[in-house]
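Asker: Take a look at the following structure, please.
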Amino acid sequence: MDSKITNFDVIVVGGGHAGTEAALAAARMGVRTLLLTDNIDTLGQMSCNPAIGGIGKGHLVKEIDALGGAMAMAIDESGIQFRTLNASKGPAVRATRAQADRVLYRQAIRMRLENQVNLTIFQQSVEDLILEGDKVVGAETKMGLKFYAHQVVLTAGTFLAGRIHIGLQNYEGGRAGDAPSNRLAAKLRELALPVGRLKTGTPPRIDARTVDFEAMQMQPGDDPMPVFSYMGKVSMHPEQMPCYITYTNEQTHDFIRDSLDQSPMYSDAGEIDSVGPRYCPSIEDKVMRFSERNQHQVFIEPEGLTSNELYPNGISTSLPFETQMQIVQSMKGLENARIMRPGYAIEYDYFDPRGLRPTLETQAIHGLYFAGQINGTTGYEEAAAQGLLAGMNAARRAQMKEQWYPRRDEAYIGVLVDDLITLGTSEPYRMFTSRAEYRLMLREDNADQRLTAIGREFGLVDDARWLSFEGKMETMEAELARLKQTWIHPKHAEAKKAEALMDLPLSKEQTLFDLLKRPNVSYDALATMDMFGNAVTDPTVVEQIEIEAKYAGYIARQQEDIDKLRRAENVEIPDALDLDKISGLSNEVKQKLRDHKPATLGMASRISGITPAAVSLLLIYIKKLRKTSQSVG
């Protein structure tokens, strides 16, 4: 074959959420990219729940968008219900979530792929990697076609040696209706990469025509509707639909308990030994682990504007089909419901992410990158974030430029990757805001301020996004400066109005920025004062200004903590360090340090159970060692 057809700079294997972001990122950066997928029609497929975002996950989507990724715009064009979670709480934990029309979402992703310059899409499953020593040089497909590139991004999802379980029956599958990648899984195992097995699951799908919606609680979306992308507009959203809420009950739980002898997880005859996602457990796990509860909430979510399928979020199961029917029909509003697709569990291979560099390149094979569920994560958003980072770094490597990854204080993507490569995972990893030490700095609303300039530098951010970002930043900086320079004196004509806004006496001269720091003073309220002048009308800028004012003290303190950590972050832990000589370290801490072998104090600080006090002791001892070696020298 012509080398122009077979030779590329970057090859991406897999067309799920990780693979599509990886391929788009590499191509946007100007390198010739090939996306190999089993099925072009399932590019960007939502294999499980029809939703994007949520606590921690929405933050990842905003960061992907700030770096020029596709997920946020795709959900803005396909979302059929939008909500802001934790709206009454602080800005650090507020998160956007949207129900998606599966078909529209897939179309939005495919449109971007097919119109992306430098990107070639080819439908063929990959069965082998082409290696030269410890370097990857290409991939071989099922029909024997060989494609060459010195950078390969592998995003295999749940397809590596995938096995589907329904009751005590099981069969090979990458997901329902798709074949697994068994030969590729076997080849990867031959490379002696550290491999394990994980499990995930999905609920049965229900026919909306057989559901009594009036018997359930309606859950509408937010008004006004939020948007995901910094370039998004509410006008992009299609028609909106409500979700509904119902509950399991004691009868539901009895059906589940009575069928555990047919469960692939609980029965002695069952074949599932792998670990499932802790924060998205099956309904049988919920009933057994929380036996004191007599009900569990179930969200009935539409799958699309033109589909009759409903997704009952909260009853993922691998119990036999007959039991699944009993479970569904035992709930209020679903007494006559008909199942259109059974729920199932799926086991698959993943590789210990501690074998990765922070760029997501494998340590063992140069030029080979892993992204998504192959690294032990769960969720579309986690996969997409890894895909973008891996695709970007594969392109940087092809361009012979320095690779990049965000720190924990720069992005949730940095938290995600650092957790994986430092701690590994024994269960499917899901992002939460609680995983980030500096979540006040890593808000949804400021992801563009943290990452868009980096994306622009690397060629990920186009002109339109950059101009919009620059305009926003200029407006915000000018308004902040104006508020900090505009003073109001206790004898000013509008002092009484200021006091009414603050609900406090104006005892000394203050700036408008100082007034805005008060919890009960909003920007819009300040703007009613005659002395205020022309107010900013962009609500995203107003939100930023209010957060800057009201959280200024907290942000400053968190920045101090970050600066301290950075100073110690890269302090190397000597290989010959004798932990037994460090008085004050507990035996548990010593054992964890021996098990994980962190290279730096920063890595040590993120090991579960390693306290700040232990890190301080390590730092003191390392400094003493350095002084001793210098004096001896």
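Glycine too: its Cβ is placed from the backbone N, Cα and C atoms.
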Asker: Kindly point out which candidate in Val117, Val126, Val234 is recorded by Swiss-Prot as part of the FAD site with Gly14, Gly15, Gly16, His17, Ala18, Gly19, Ser181, Gln373.
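Answerer: Answer, per Swiss-Prot (FAD site with Gly14, Gly15, Gly16, His17, Ala18, Gly19, Ser181, Gln373), from Val117, Val126, Val234: Val126.
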Asker: Check the binding-site residues Ala18, Val126 for other C-beta atoms within 10 angstroms of each C-beta and report the one with the most.
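Answerer: When each Cβ's neighbours within 10 Å are tallied, Ala18 leads.
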Asker: Tally every other Cβ atom lying within 10 Å of the Cβ atom of Gln373 (FAD binding site).
Answerer: 30
Asker: Near Lys286 (NAD(+) binding site), which residues of its chain come within a Cβ-Cβ distance under 8 Å, counting only those 6 or more away in sequence?
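Answerer: Residues satisfying the criterion: Arg293, His296.
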Asker: With FAD as the bound species and Gly14, Gly15, Gly16, His17, Ala18, Gly19, Val126, Ser181, Gln373 as its recorded binding residues, calculate the greatest Cα-Cα distance and give it in Å as a whole number.
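Answerer: Across Gly14, Gly15, Gly16, His17, Ala18, Gly19, Val126, Ser181, Gln373, the two farthest Cα atoms sit 17 Å apart.
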Asker: Other than its own, how many Cβ atoms are within 10 Å of the Cβ belonging to Gly16 (FAD binding site)?
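Answerer: So the Cβ neighbour count for Gly16 (FAD binding site) comes to 29.
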Asker: To the nearest Å, how far is the Cα of Glu284 (NAD(+) binding site) from the Cα of Ala18 (FAD binding site)?
Answerer: 30
